[in-house]
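Undergrad: Handing you a structure now.
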Amino acid sequence: MEDLSIKEVISITEGVAVNYNDNIVFTGVSTDSRNIKKGDLFIALIGSNFDGNEFVNAAYEKGAAAALVSRKVEGNCPQIVVKDTMVAMQEIAKFYRQKFDIPVIGVTGSTGKTSTKEMIYSVLSQRYRVHKTEKNYNNEIGLPRTMFGLKREHEICVVELGMNRFKEIERLAYIASPNIGVITNIGTAHIENLGSRENILKAKMEIATFFTDKNTLIVNGDDDLLSGISGTTYRLIKFSTKRNGDYNAFDIKDMGEKGIEFSCKYRGEVHIFKTSVPGIHNVYNALAAIAVADIYGLDVQEVKNGILNFSPGKLRMEIIDAGDIKIINDCYNANLDSMKAAIDVLASYKDNRRVAILGDMFELGDFSEEAHRSVGKYLRERCSFFVAIGKDARYIYDEAINEVEGIYFKTKEEALQELNKVIKKDDVILIKASRGMKMEDITEFLTAQRKRGI
């Protein structure tokens with residue numbers, strides 16, 4: 001983080017300062033008193049189970065230069081008292097972002113946000129110094145953290161915008177002021193809160209709330225809802241694998257775990273691009289990155305290198321050789337669309353026994369039974385054996401069991417007791433569920449057991 005003065009913070013937040021002097025300068029921002037660095041502004045957030053105001057003095061003792069608080073705290077720590085520390089933090093983050101005259105690319109969508117963000121980052125990094133969202137910092141707390149990571153050396157910023165209700169992306173777009181928005185698709189994630197895919201579309205389109213004719217929105221032209229967008233005041237770009245877009249992938253060749261090869265016209269000429277990771281969904285991620293790269297003037301070799309060097313990150317389509325088995329570790333999160341995409345990757349292993357270990361998908365509300373049954377139907381001809389784990393995963397089992405061998409467990413703990421009995425040498429195993437299932441426990445268990453020769 002570049003220096004930020006206390007006078008700037010007071011002005012931005014319209015706060016009341018106590019115990020301070022005008023010479024205080026912040027060299028970082030923290031919301032966790034346990035991780036304070038000397039010179040930080042400690043922001044005392046209030047949650048359902050904690051009150052950050054109670055940790056102000058602890059933060060000061062560890063080196064915080066001052067604290068942003070919602071009530072004055074006794075002690076010597078310099079403080080800026082505001083009505084709402086969350087809102088104040090976001091206003092500071094917006095102000096800080098405006099200090100940098102660099103483009104920001106915002107990525108959202110029901111699935112593939114992180115992978116697309118990482119693909120864009122990988123491509124742009126071939127030429128530019130790029131700052132990006134780390135971990136899952138894509139919400140009202142995480143995005144400001146990302147903004148505070150900007151430094152003078154950065155030339156472009158790529159951020160991920162998440163949501164589970166209306167107005168969240170609008171607020172994030174207000175903070176980040178993206179020059180370019182990317183929407184990967186409109187699926188069923190968070191349908192429990194929003195009620196329909198049409199409402200999810202409205203929520204995702206909030207990324208363009210503040211767009212003018214100088215902005216660009218890049219969307220998936222194969223998505224049935226996004227394909228209908230038209231009549232915008234800003235520039236609209238679509239990508240497609242079905243020739244429905246401005247950037248189209250064709251002659252797609254699935255090379256299994258070695259990746260995907262496809263052709264696409266770039267700057268007037270057709271070129272062949274390759275990913276090093278499996279899954280047709282990564283072609284869509286690459287197309288979004290190609291569209292962004294074109295805007296920022298990358299040559300075709302830079303784009304090719306960025307796509308080839310892309311890595312999806314931990315728990316996302318990781319291919320793990322675990323002794324005498326292979327694991328497709330895709331357990332970071334799941335919804336209906338990403339489940340089907342992962343199953344397609346599993347199905348590409350034609351020469352092996354294909355095992356799907358699938359758990360519950362969360363935040364689906366009344367749509368949950370239908371979604372889990374849909375996964376079960378999709379699974380039937382695409383695997384050799386399956387394991388369903390969790391309350392709603394029972395519907396996966398019910399739909400698939402008559403056509404493919406499988407087993408059901410109510411809990412992950414029950415499954416861990418029995419899995420070694422059903423796994424065989426040379427199996428290829430997909431492991432996937434929503435984040436709350438923490439299915440990496442199964443990945444770690446199987447990896448440890450098979451490497452020990454059990």
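Placed from the backbone N, Cα and C atoms, the Cβ positions cover glycine too.
Features from TrEMBL:
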- 26-92: domain 'Mur ligase N-terminal catalytic' (DOMAIN)
- 107-293: domain 'Mur ligase central' (DOMAIN)
- GLY109, SER110, THR111, GLY112, LYS113, THR114, SER115: ATP binding site (BINDING)
- 316-435: domain 'Mur ligase C-terminal' (DOMAIN)
Undergrad: Using CB atoms and a 10 A radius, I'd like the single residue among the binding-site residues SER110, THR111, THR114, SER115 with the highest neighbour count.
TA: SER115
Undergrad: Per DSSP, to which secondary structure element type does SER115 (ATP binding site) belong, with helix, strand and coil as the options?
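TA: The residue in question, SER115 (ATP binding site), is helix (DSSP, three-state).
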Undergrad: CB neighbours of GLY112 (ATP binding site) within 10 A?
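TA: Result for GLY112 (ATP binding site): 27 other Cβ atoms within 10 Å.
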Undergrad: With helix taken as DSSP H, G or I, strand as E or B and everything else coil, how many residues of the domain 'Mur ligase C-terminal' (316-435) land in each class?
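TA: For the domain 'Mur ligase C-terminal' (316-435), the helix, strand and coil counts are 47 helix, 31 strand, 42 coil.
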Undergrad: From the DSSP assignment alone, can you count helix, strand and coil residues within the domain 'Mur ligase N-terminal catalytic' (26-92)?
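TA: Within the domain 'Mur ligase N-terminal catalytic' (26-92) the tally stands at 21 helix, 17 strand, 29 coil.
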